[in-house]
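Written out below as structure tokens is the structure these notes cover.
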Amino acid sequence: MTDQREEPQGSNDHLVRSSDPEHPANLIPELCKKFYTLGWVTGTGGGTSIRRDGHIFIAPSGVQKEMIKPEDIFVLSYPTPKYPPSARQYIRKPQELKPSACTPLFLAAFDRGAGCSIHTHSQWAVLVTLLVEREKGKNGCFEINNIEQIKGIPKGKGKGMLGFFDTLRIPIIENTAFEEDLTESLEKAMDEYPDTYAVLVRRHGIYVWGDTVAKAKTQCESLDYLFQLAVEMHKLGLPWVQ
């Protein structure tokens, strides 16, 4: 029998307690540790969120991502309003932690059917946004083709994966002073590029989402590989598109 003193009424701690390694409350800390080793979530930046069974599980804001524990995870009922923040339906909210500033942007991905959304501060993502701006101006998008790793990125919902000769296009939006203020631009980019699974944020990082946790993770890895490769290709004077 559970000791009720361990879980005060209304805390809903049972939502983040599971022996299943695939449970979102266990997956998010593991993913954040992995992303930290890759330099994607340095200095408390970035975030990860998973949608499952009418709930949204989100890593907290302003914490060292490699040290997150299951009990640090916020849980929202889904669907839930993006704005105002006070209208969001938190059913588990750790008292000493702050909700993720990425929340409305993650919700934008979930509203389009994603099962997982990842935000990183990858240096390679930042660098390609600057290179695109210099070469194409602020309205340019990142484009690359004839690279094998492109096969790790979907063509669009239910359209299969990109091929070697296909051109990958990732929209770029301008950064804002506050994370939540990116939401409108992110949603506009999603509308203009309905097949995209990622949006770059200039001088900031990238948002990536996928139908499942595994797909979001592998797509994020593939994109970061392509961004790093693109930076190195640029150094050698090699074109991204043939």
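Cβ coordinates are placed from backbone N, Cα and C, and glycine is handled just like the others.
As recorded in Swiss-Prot:
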- Glu148: active site, proton donor/acceptor (ACT_SITE)
- Cys102: substrate binding site (BINDING)
- His119, His121, His204: Zn(2+) binding site (BINDING)
- 1-23: region 'Disordered' (REGION)
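Structure coloured by features recorded in Swiss-Prot.
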| residue | record | Cβ contacts under 8 Å, 6 or more apart |
| --- | --- | --- |
| Cys102 | substrate binding site | Gly47, Ser49, Ile58, Ser61, His119, Glu179, Tyr207 |
| His121 | Zn(2+) binding site | Trp40, Val41, Thr42, Gly45, Gly46, His204, Gly205 |
| Glu148 | active site, proton donor/acceptor | Phe164 |
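Shown are the binding-site residues His119, His204; the one with the most C-beta atoms within 10 angstroms of its own C-beta is His119. Annotated Zn(2+) site His119, His121, His204; additional same-chain residues within 8 Å of its Cβ mean position, judged by their own Cβ, are Gly45, Gly46, Thr120, Ser122, Ala125, Val201, Gly205, Ile206, Tyr207.
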